[in-house]
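A.B. asks: My structure is below; once you've seen it, I'll send some questions.
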Amino acid sequence: MAKDVEGAEHGEFAAKDYHDPPPTPFFDAEELTKWSFYRALIAEFVATLLFLYITVLTVIGYKSQSSGDQCGGVGILGIAWAFGGMIFVLVYCTAGISGGHINPAVTFGLFLARKVSLPRAVLYIIAQSLGAICGVGLVKAFQKTYYEEYGGGANELAAGYNKGTGLGAEIIGTFVLVYTVFSATDPKRNARDSHVPVLAPLPIGFAVFIVHLATIPITGTGINPARSFGAAVIYNKDKAWDDQWIFWLGPFIGAAIAALYHQYILRAGAIKALGSFRSNA
């Protein structure tokens with residue numbers, strides 16, 4: 001990065017051993033005519049469905065097992081592993097098809113960084129939200145009694161925390177996740193560290209895992225608006241809807257900050273743009 005900054009300040013750049021993909025057009029009508037686009041939407045829908053099914057079922061199972069025995073069930077550590085592990089598996093499976101977003105906040109961050117077009121971003125978020133609703137719906141269909149009794153896996157602000165604290169936890173948690181996504185998929189990192197085999201889904205899954213450890217006691221951990229929305233739709237209780245705005249606004253703010261930080265500070269996008277402007281002047 002130091003070399004990039006130095007080159008930008010002098011209006012010239014050394015030859016790179018990597019190539020950044022060109023910015024995605026804001027609106028690409030041609031992609032709407034391709035089967036690969038709709039295949040990606042299906043992949044996002046199915047991946048988010050599976051993610052919510054496994055994770056919410058884990059949450060319900062833990063609460064039912066620990067209700068009579070405080071040492072029963074998988075515990076918070078097991079819940080965090082379920083979320084992080086599923087993200088690792090699903091990103092690995094779908095990255096080559098849809099990019100493996102499985103999260104509207106990730107999609108939003110990539111849109112701001114010009115990695116995806118507006119139509120793709122909007123339809124991804126719709127597919128993710130519908131998949132989340134269907135995934136939680138399956139949990140309720142299979143375990144209706146436990147589902148209603150133990151809160152439906154819905155995200156709610158925990159007692160003793162105000163809404164500002166909950167919002168801050170969601171912003172920081174999503175920043176960690178989206179920052180990891182950008183770093184793990186950065187073409188410059190892949191070129192520089194080509195001698196170190198890095199499986200991108202692994203650090204992304206670990207980011208989800210550690211954020212859950214930190215924020216489950218505060219908000220139950222959203223950092224994924226589709227996850228919170230799907231659970232709220234199926235559970236459909238006032239408390240889940242009262243706090244719902246936290247689980248959309250927080251992740252979107254966190255994703256935006258992560259995108260700006262990575263693109264314009266770590267990748268020196270602003271300095272490179274200024275250097276290019278000076279060289280053309």
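Backbone N, Cα and C atoms are what each Cβ position is placed from, and that goes for glycine too.
Below, the features straight out of TrEMBL:
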TRANSMEM  37-62  transmembrane segment
TRANSMEM  74-101  transmembrane segment
TRANSMEM  121-139  transmembrane segment
TRANSMEM  198-218  transmembrane segment
TRANSMEM  245-266  transmembrane segment
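Context for these features, please: burial, neighbours, distances.
C.D. replies: Within the chain, the transmembrane segment (37-62) has long-range Cβ neighbours (under 8 A, six or more residues past its boundaries) at 31, 73-75, 78-79, 82-83, 86-87, 90, 93-94, 97-102, 120, 123-124, 127-132, 134-136, 138-139, 142-143, 146-147, 150, 152-153, 226-227, 230-231.
Long-range Cβ contacts of the transmembrane segment (74-101) within its own chain (Cβ-Cβ under 8 Å, at least 6 residues beyond either end) map to 39-41, 43-44, 47, 50-51, 54-55, 58-59, 61-62, 65-66, 107, 110, 116, 124, 128, 199-202, 204-210, 212-213, 216-217, 221.
Beyond the transmembrane segment (121-139), the same-chain residues lying 6 or more positions past its ends with a Cβ under 8 Å from any Cβ of the stretch are 40-42, 44-53, 56-57, 60, 98, 101-104, 107-108, 110-111, 147, 152-153, 225-227, 229-231, 233-235.
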